[in-house]
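**Student:** One structure follows; several queries about it will come next.
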Amino acid sequence: MDTIFALATAKGRAGVAVVRLSGSDAVRSAERLMGNVPVSRGVRVLSDPDGQLLDEALVLKFAEGKSFTGEEVVEFHLHGSPAVVSAVLTVLGNDPQLRQAEPGEFTRRALDNGRLDLAQVEGLADLIDAETESQRKQAVRVFSGALGDLAEGWRIKLIRATALLEATIDFADEEVPVDVAPEVLELIGEVKAQMRREAEGVRIAERLRDGFEVAIIGAPNVGKSTLLNRLAGREVAITSEIAGTTRDVIEVRLDLDGLAVTMLDTAGLRDTDDVVEGIGVQRAKERAAQADIRVHMLLPDDIGPLNVGDSDILVRAKSDLDCGEGLAISGKTGDGVDALVEKISDILKERVGSVGIAMRERHRIAMVNAIRFLDAAEADLDVQHGMTDLTAEELRSAIRAVDSLVGRVDVEQVLDEIFSSFCIGK
């Protein structure tokens with residue numbers, strides 16, 4: 001396999017920049033820049049083929065099987081000047097034994113060499129993209145191998161169930177003293193219960209990863225844009241006394257108590273003959289319907305919406321007046337805004353409580369498929385009151401579905417999609 005290299009840290013000026021080489025020629029190529037490579041780590045002077053000084057760097061060497069990729073790896077920890085990085089990459093690029101890594105190729109090799117499973121690769125991608133503490137914690141759980149461990153537990157139980165069935169089938173003509181059906185059904189039931197809990201939490205886990213949406217809705221000039229500006233801490237929406245100023249959905253990404261939340265300022269809801277404003281009103285209704293929470297902004301004497309649910313918060317826009325039902329706030333002064341943020345956070349945190357380890361739609365589909373096969377096996381056992389080849393095959397199909405969670409079966413298309421999101425040095 002080719003020996004690859006790339007900048008493993010972000011581009012731009014920094015205190016330290018890391019250039020990584022991975023493959024069988026990593027040490028030989030590194031020696032061309034410094035002479036002898038340290039056994040594990042050491043400071044070395046890097047020079048180009050003409051003897052011109054490039055930098056003084058900390059050099060780390062990882063033996064095959066002990067590195068991130070599972071291959072022999074050498075890392076140069078350089079001074080983070082763009083000029084230094086460019087000079088070192090140029091020298092490496094002229095080495096015929098090396099080639100520039102493709103996006104995600106280091107991680108792909110880690111997967112191919114068994115250093116990571118597919119779920120851990122997804123966890124790494126989510127960890128790199130994490131913006132909030134909740135996203136970081138969830139990504140770290142997956143990256144640490146928690147989903148792989150859970151899937152392995154399911155796999156062991158289902159293999160045990162399959163072995164019991166097949167042993168009974170193989171010795172059908174002989175006297176078998178033990179009825180294995182109760183144990184098989186118990187194993188199936190345990191796995192199904194755990195899978196269902198995980199599958200039910202995936203949609204909320206996806207929102208945790210991608211961010212929740214909170215739509216601010218109400219009539220024109222009720223103070224929606226003023227509230228958004230207050231929440232954002234800057235002027236992101238134009239405010240005006242003219243009704244209908246906001247005609248499209250304005251989005252602001254916020255960190256609310258560790259949760260990624262996109263606040264949506266929508267067009268004022270009213271009947272209008274203005275075609276453009278009408279489009280904005282329709283978009284506002286559509287986005288509000290899809291949002292995780294809707295903040296209904298009302299004037300003190302407005303009648304609130306009917307059928308208010310758990311995802312709706314009523315807000316009265318004048319905190320200095322008798323507001324009646326709903327939370328009283330003022331976007332101009334900030335009165336009541338902290339209470340609104342706390343209310344939003346409380347609702348979202350309650351939902352996040354149902355999140356398990358699985359956090360992608362791919363995970364949910366794999367578990368749903370496995371449950372479907374287990375349901376069929378369970379029904380077959382109940383109906384047949386015995387062991388059949390079909391029942392064993394249904395269990396094997398469930399095992400294959402579990403294996404797809406961590407990449408034990410062909411998931412090439414999934415891999416291509418995942419690695420395309422990585423930068424070159426990962």
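Note that Cβ sites are derived from N, Cα and C of the backbone, with glycine treated the same way.
The structure displayed is predicted, hence computed values, not measured ones.
Got these off TrEMBL a minute ago, pasting:
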| type | residues | note |
| --- | --- | --- |
| BINDING | Arg20, Glu75, Arg115, Lys426 | (6S)-5-formyl-5,6,7,8-tetrahydrofolate binding site |
| BINDING | Asn221, Ser240, Ile242, Thr245 | K(+) binding site |
| BINDING | 221-226, 240-246, 265-268 | GTP binding site |
| BINDING | Ser225, Thr246 | Mg(2+) binding site |
| DOMAIN | 211-349 | domain 'TrmE-type G' |
**Student:** If you count CB neighbours within 10 Å, which one among the binding-site residues Arg20, Lys224 has the smallest count?
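**Tutor:** With the binding-site residues Arg20, Lys224, fewest surrounding Cβ atoms within 10 Å: Arg20.
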**Student:** Across all chains shown, how many C-beta atoms besides its own are within 10 angstroms of the C-beta of Glu75 ((6S)-5-formyl-5,6,7,8-tetrahydrofolate binding site)?
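**Tutor:** I get 22 for this one.
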**Student:** Inside 10 Å of the Cβ of Ser225 (Mg(2+) binding site), count up the other Cβ atoms and send me the figure.
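**Tutor:** Other Cβ atoms within 10 Å of Ser225 (Mg(2+) binding site): 23.
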**Student:** If you draw a 10 Å sphere on the Cβ of Arg115 ((6S)-5-formyl-5,6,7,8-tetrahydrofolate binding site), how many other Cβ atoms land inside?
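**Tutor:** Cβ-Cβ neighbours of Arg115 ((6S)-5-formyl-5,6,7,8-tetrahydrofolate binding site) within 10 Å number 18.
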**Student:** In whole Å, how far does the CA atom of Arg115 ((6S)-5-formyl-5,6,7,8-tetrahydrofolate binding site) lie from that of Ser225 (Mg(2+) binding site)?
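**Tutor:** Cα-Cα, rounded: 49 Å.
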**Student:** If you average the pLDDT over the domain 'TrmE-type G' (211-349), what number do you get?
**Tutor:** 75
**Student:** In three-state terms from DSSP, label Arg115 ((6S)-5-formyl-5,6,7,8-tetrahydrofolate binding site) for me.
**Tutor:** coil
**Student:** At the Cα level, what's the spacing in Å between Arg20 ((6S)-5-formyl-5,6,7,8-tetrahydrofolate binding site) and Asn221 (K(+) binding site), rounded?
**Tutor:** 56
